[in-house]
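These notes are about the structure you will find just below.
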Amino acid sequence: MTRAPMSIPRLAEMKANGERIVMVTAYDHPSARIADTAGVDMVLVGDSGAQVVLGHDSTVSVTTDEMLVLAGAVRRGARTAFVVCDLPFGSTEVSDEQAVATAVRFVKEGGADAVKLEGGGPARLSRIRAVVAAGIPVVAHIGLTPQTATALGGLRAQGRTAQTAARIVDEALAVQDAGAFALVVEAVPADVVGVVLPALRIPVIGIGAGPADGQVLVLHDLLGITDGRAAKFVKRYAAIGDAMTAGVAAYVDDVRSGAFPAREHTYSASADAVEAARAALGRRDVRTRGDGD
């Protein structure tokens, strides 16, 4: 049965009904198509693509133009899932006007249904209000915010002290009041999220934040494609990376041994076509290997 496209009213209904929302982060057409076919509700085009698929050292390196290429690819693969795009570092920091202009590009050029803005401080709240006022839905993101991780002391859990836990609560309520229709909470203790969750009208999507209204993981992480040690909150559901490496290694062996391509991997030609090819070569007086000197 064909699914209806996911919408903001439907996401709100899912929260009200206690239905868990499933989000994955993806960066290309095949990944988005797989997620969509599997029944994912939301696909996030994350700036983590800077590291996962573009090879940068951090998320802050990715440009708006690079993100737009990823966004367009995901949009074309996600036929029914709701597509949210990160606004990359440097594309919103200058002013509300800059944030709106960037968000408009992601809707018009990238096909985004909504954009995501990190942070819950005064400047970020102003950006959320401005983008929402321009008619573009916003997903907020608090807790560990990778774009500004240096200011937070690195990529570490947030909300583990009295001061930071109180800040998480304040920011969650503030981004809701600013107009965000959903909230991503990253790397925050489940007990802290559990305190504020009942007070929020908007869906809360957790990543390393315990049982919220929904969950998000990077597709490459949950499929076991990424290198290195996974974050504490990642659960791997497959070992696709190992299978991919084994497959490519088998291809290397076959090419070097001459086992590939076999006859079934080539096209046939008529005897006349082969003879015509020989005649054409003869007219050029080209010596072939084996003729000798």
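For all residues, glycine too, the Cβ spot is worked out from N, Cα and C.
Whatever TrEMBL says is automated annotation, not expert-curated.
Residues ASP47, GLU118 are given by TrEMBL as Mg(2+) binders; from ASP86, ASP170, ASP177, ASP191, that same site also lists ASP86. In this view, ASP47 (Mg(2+) binding site) is surrounded by 31 other Cβ atoms within 10 Å of its Cβ, with every protein chain counted. Here the C-alpha separation of ASP47 (Mg(2+) binding site) and LYS116 (3-methyl-2-oxobutanoate binding site) works out to 10 Å. Of the candidate binding-site residues, SER48, ASP86, LYS116, GLU118, the one lying closest to GLU186 (active site, proton acceptor) when CA atoms are compared is GLU118.
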